[in-house]
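Taken verbatim from TrEMBL:
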DOMAIN    19-132  domain 'Epoxide hydrolase N-terminal'
ACT_SITE  ASP203  active site, nucleophile
ACT_SITE  TYR333  active site, proton donor
ACT_SITE  HIS388  active site, proton acceptor
Amino acid sequence: MAEQDFSKLPHIVDSEANVKPHKIDIPQSEIERLYTLLDNSPIPDKTWENSHTDGHFGTNRDWLVNAVQEWRHNYDWKKWENKFNSFAHYTADVKDDDGNVYTIHFNGLFSKRKDAFPILFLHGWPGSRVEFLPMLDLIRQKYTPDNLPYHIIVPDLIGFGFSSRPPLDKDFNVMDNARILVKFMRVLGFTSECGGYMIHGGDLGSIVGPKVAALDPETCRLVHTNILMVPPPEGTNVEEDVKAGRYTEAEIDALNREKEILGWGVSYAAIQGTRSATLGLAFGSSPVALLSWIGEKFLEWPDPATRPSLELILTNISFYWFSRCYPTSLWHYRLMISGIEGFGSQFDGVKCPFGYSWFKRECCNPPKAWLDKLGKVQWYRPHERGGHFAALEQPEALWGDVEDIIKEFGLLRQ
């Protein structure tokens, strides 16, 4: 069947936004440079720690040796570059309040329907647009440009992928990224007069997305996430609640997993937040180091039953490597560690409905009783399979949730 054309933008955009088609085209010389670095980067000898296979001390050496060999000799970046380019791919210039101009790279699937509802999908760290490729495939298999009820927009956040980097002359925070995304959606013509839009976010996207909603309450109609960082409500005694049977077995397992992760698994965040410069220089100059560091998260954070393939893991790490974005993707960890204003609760300032998909092996998974007590989540659905990278691990389930929540809140225009 001929490839359907989902590339026509639905609105006329201001010429100052300089919206134009784009294709990823990494020069062969850069690919050969990667091969040279992989060939000439010795992997340290075995140790007691790197011989463990349970992830407790981080990356297993044998896995790294195999992954490097696969990346060097079998992995085909051009195949995945073509996959990216098979979807509409644009750049848009967004002028911020201080006059700085940020270029945002984004993939999309755009409908020919005048009543199509826009959905902004936001990735996190160490994810990227790669997370949403399986979902984009599902959508274009299910719909045609003539009957697609949605416009799908998947950008690189500022500092990630091929989008602009944070400024060099001042700090940059979550609200800055959110403000730029509000302007980005307006540049594309997704305004309140046109019916507004919704946001889905995972990881960092689940923090930035609600801030977009808070800044753009007239236009953002719905927020949906697959992670919620929620402390126990005041007066909650978790141990007593467990004994009293107030949580399901799956919720108890999730609480135990979160406790374990908070005990030893968040040290990566501390070092990324306090030694961002050092890590950026180290991992930004060595593909083997980058593979070991990011690959570890793709082994530990998913559900073992739905863990992404090595090919997908290498695609995500290649995306970081070729876009050279690792050093500039750490800005939010400084905020997390220092408690700088602008990180805050995911619910702060959000006036539209808030939906949450609970995936059993997510790193932060509050029990439904906590959410009911808080009264901030209006839509909830649990899943027995899936972890931190829900869009990669369970694209059908996550996309089904997005469609269902849109229908439940009546956001499709008739």
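Cβ from N, Cα, C; glycine included.
Counting residues per DSSP class in helix, strand and coil order gives 38 helix, 25 strand, 51 coil for the domain 'Epoxide hydrolase N-terminal' (19-132).
Counting Cβ atoms from all protein chains shown, the residue listed as 'active site, proton acceptor' has 25 others lying within 10 Å of its own Cβ. Scoring each of the active-site residues (ASP203, TYR333) by how many neighbouring Cβ atoms lie within 10 Å, the top position goes to ASP203. TYR333 (active site, proton donor) carries a helical DSSP state (H, G or I). The distance from the Cα of HIS388 (active site, proton acceptor) to the Cα of TYR333 (active site, proton donor) comes to 17 Å.
In the predicted model, the domain 'Epoxide hydrolase N-terminal' (19-132) has a mean pLDDT of 97. A distance of 12 Å separates the Cα atom of ASP203 (active site, nucleophile) from that of the residue listed as 'active site, proton donor'.
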